[in-house]
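According to TrEMBL, the features are:
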{"type": "TRANSMEM", "residues": "6-27", "note": "transmembrane segment"}
{"type": "TRANSMEM", "residues": "34-53", "note": "transmembrane segment"}
{"type": "TRANSMEM", "residues": "65-84", "note": "transmembrane segment"}
{"type": "TRANSMEM", "residues": "96-119", "note": "transmembrane segment"}
{"type": "TRANSMEM", "residues": "125-147", "note": "transmembrane segment"}
{"type": "TRANSMEM", "residues": "159-187", "note": "transmembrane segment"}
{"type": "TRANSMEM", "residues": "199-219", "note": "transmembrane segment"}
{"type": "TRANSMEM", "residues": "226-250", "note": "transmembrane segment"}
{"type": "TRANSMEM", "residues": "262-281", "note": "transmembrane segment"}
{"type": "TRANSMEM", "residues": "293-313", "note": "transmembrane segment"}
């Protein structure tokens, strides 16, 4: 247990430091946004570039891993939407909940956890997680959200096209694509470029955790607590459980089983709290309160659930 706590305690202590620092006024919200932009626009692109540029393409495009990660997330969406529909929950709240249970925070929380638990697999796993989340899960959930409100000028093709265009413009996605291009070319990364990427990537973990903690300060806490708790339970328990079931189903679709360490990484990745900008996605639909509450409950609860899960997977 001491070994497990040596992984989870530093992660959530860094989150707590970020929260306390902003709550005490040592950092303002504007200053926190600057740090967040640095992580998203500089550190994560460098990390993803380095994760794939110097690796064989098979390491960062593992079909079994990508399939398991996507199927587990879509299964979580299906279960959530069905359960909430049976409860009479409206379409916008169902879509918000679907995003909450299926879109982990792989960059800000997942990578730091994996870096301590599975250091050799953390970077390639992050690259695969980013691909699935940014090209499948988040766009799918955004389409659900958009379809939840009636607009005469909306077409599905226009909605999907706009979302995907936004995805490919993100700096960390560009960093991933550049890394994939270098890997495909077979050319070595020049040593100075590689060292620069390593230096920038090394700053991602601590700053990301600090920003996550600080961003929890001042979230609107008005809304449906029952729904928020259901979303948190779905994210921390149902999503990783469904991902584990997807692992067992790989032979049914003709794909090889994942080696145990990579299988554990897939389950752990699914067990991370939802993405940090969850409440921002919910705001245009008037549900930022329940999203904020779910984010807070999930982030706090993840310390317990990840500790237990790491103990089970050890």
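Any Cβ shown, glycine's included, is placed from N, Cα and C.
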Tertiary contacts of the transmembrane segment (226-250), as residues 6+ beyond its ends and Cβ separation under 8 Å: 64, 67-69, 71-73, 75-76, 79-80, 83-84, 89, 93, 96-97, 100-102, 104, 256-258, 263, 266-271, 273-274, 290, 293-294, 297-298, 301-302, 305, 309
Leading contact stretch, 65-84, 96-119, 199-219 vs the transmembrane segment (34-53) - CB distance under 8 Å: 199-219
Annotated stretches the transmembrane segment (199-219) and the transmembrane segment (293-313) touching (3 or more Cβ pairs under 8 Å): yes
Same-chain residues near the transmembrane segment (6-27), Cβ under 8 Å, at least 6 residues beyond its ends: 109, 112-113, 116-117, 206, 209-217, 299, 302-303, 306-307, 310
Surrounding residues of the transmembrane segment (293-313) on its own chain - C-beta under 8 Å, 6+ positions past either end: 1, 4-5, 7-8, 11-12, 15, 100, 109, 113, 117, 212, 216, 219, 221, 223, 225, 227-229, 231-232, 235-237, 240, 264, 267-268, 271-274, 276, 278-279
